[in-house]
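What TrEMBL records for 29-45, 52-73, 93-114, 121-144, 156-176, 185-206, 218-244, 256-276, 282-300 is transmembrane segment. What TrEMBL records for 349-484 is domain 'GGDEF'. Residues annotated as compositional bias 'Basic and acidic residues' in TrEMBL: 471-481. The region 'Disordered' feature in TrEMBL is assigned to 471-497. Annotation source TrEMBL lists compositional bias 'Polar residues' at 488-497.
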Amino acid sequence: MHARFAVLVAAVCVAYVLGTPAVHSALLVLSSAGATAVVLARLLRRRLDRTLPWWFVAAGLAALTVYNAAWFLQVHLGGAEPSEVADGVVRAVGMPVGYVCLLVASVLIVTPIARRDSGGVIDAALVAVGCSVVLWSAVVFPALQSAGTAPGRRAYDLLIILMVGGIAGAVVRAIASGRAARGSLAYLLLAVLLTLVGNVATMVAADPVTLRGPSWLSLVWVVGYMAMAGAAAHPAAGVLGTTGRPWEGRLSTRRLFFLGVALAINPVVAAVRALTGREADWLLLSLGSLIVVPLVLLRVSQLARLHADAERRLEHLADHDALTGLPNRRAVDRHVEAVIDRVHRGAAPGAAVLFLDLDDFKEVNDTLGHRVGDDLLVAVATRLRGCVRADGDDLVARFGGDEFVLVLVGDAERLAPRAVARVDAALAEPVTVGAHVLPARASVGVATVAPGDGTTVDHLLSAADARMYERKRAGRARETRQAAGVTPTRSSPGACS
């Protein structure tokens, strides 16, 4: 497609160079009308992923086509002066509507990529606005001042340069981060840059009386319209709505310095003009600040939010097991301490702590590997989550290795037996891990706390741990006797009471 676009542009340039001013104006009408037709054809054939921005493109190009056609008919066929057309209704309505639609479309096209890289897009827009400020102060403002341009017209021109410059920066960043859509975005960037060049050339080089610009100026608009059509026709236009993984940043000293520079550029430019004996551009100082300050504040708030999110993630990682997602030993200690305090104050009737240790887990790790063992732990953690009340103060945690802890708040004498029964039922079925069917049995020890008990966190967890090992040893002894064909009786030395 790039080759066809280059050939078409070359042919138009040749026709432009060989043609008269009337031919130049006719090419302008044909290029804007052709671009409108291309965009509408893509829309009607449903070849575009997100249609809203392209409808704005079509509307903007159509409005500019009306303006270009009016100029051609009145100036080149009707013999009217350009100043008469400039003061007419068509220019007063057609050109602003066209520009506004194209600017809105450009923002909407970049938005999906900006959602995942909003910080980079804002930074790029700030850089571009800063460059536009320098361009205005060094080139455009002196030309408008010497031509005696009215303040209202200067404000309009400044707003156009700042907005188009900011959008150009945003598109550059979108190209860098949106790989799938680069082809279409490259044509969009070309159209935006040519729009900027055309506006600056009109402001600086056009005759203030006749409004006639350099002979090459219309060619800039022609290629710009063609580039906009290329953005719609490129296959990548169909994936402009695709978003990738959200980009993350951090609130660093370098970023804060950059934002400070962005805030200071307008006052610095005004100060330099004043120190060099030239008139300070208060319009730039005020209007530029109205654009830069909100962008900087938006960026600061975004970076602060990212910083807060990072802190929350770190806190979560500090209190949770990376494998199972359950609270870890640190969280267990803190939670049990809070529960004991509530029981001692009479705010809770009691609590029970269940200490679980998976049976024969070491054998699974040694024979099948740690990956299978990890999958078994994740499956057990999922089952244990269903053994506690989700809307209460209960807790399921991985204490370490193959050990899990359940904390239940309430009447311990009533809760503990039911909780043990739920755990046994949850782990009764084997766990399927890949091609392996593994048992999920566990030994469970229980310790309780009631009002008036002088227990501590370490004492409560140690008691539950000790009873868990008692049950594990009793279970192994029972398995040994069963393997030897011995049936335990009530008086047998190793029987569980």
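Cβ atoms are placed via backbone N, Cα and C, with glycine included.
Heads up, TrEMBL stuff is auto-annotated, nobody curated it.
Among the stretches 93-114, 121-144, 185-206, 218-244, 282-300, the one making the largest number of Cβ pairs under 8 Å with the transmembrane segment (156-176) is 121-144. Taken residue by residue, the domain 'GGDEF' (349-484) breaks down under DSSP into 66 helix, 35 strand, 35 coil.
Ranked by Cβ pairs under 8 Å to the transmembrane segment (93-114), the stretches 29-45, 52-73, 121-144, 185-206 are led by 52-73. Using the rule of three or more Cβ pairs under 8 Å, pairs at least 6 apart in sequence, the transmembrane segment (52-73) is in contact with the transmembrane segment (29-45).
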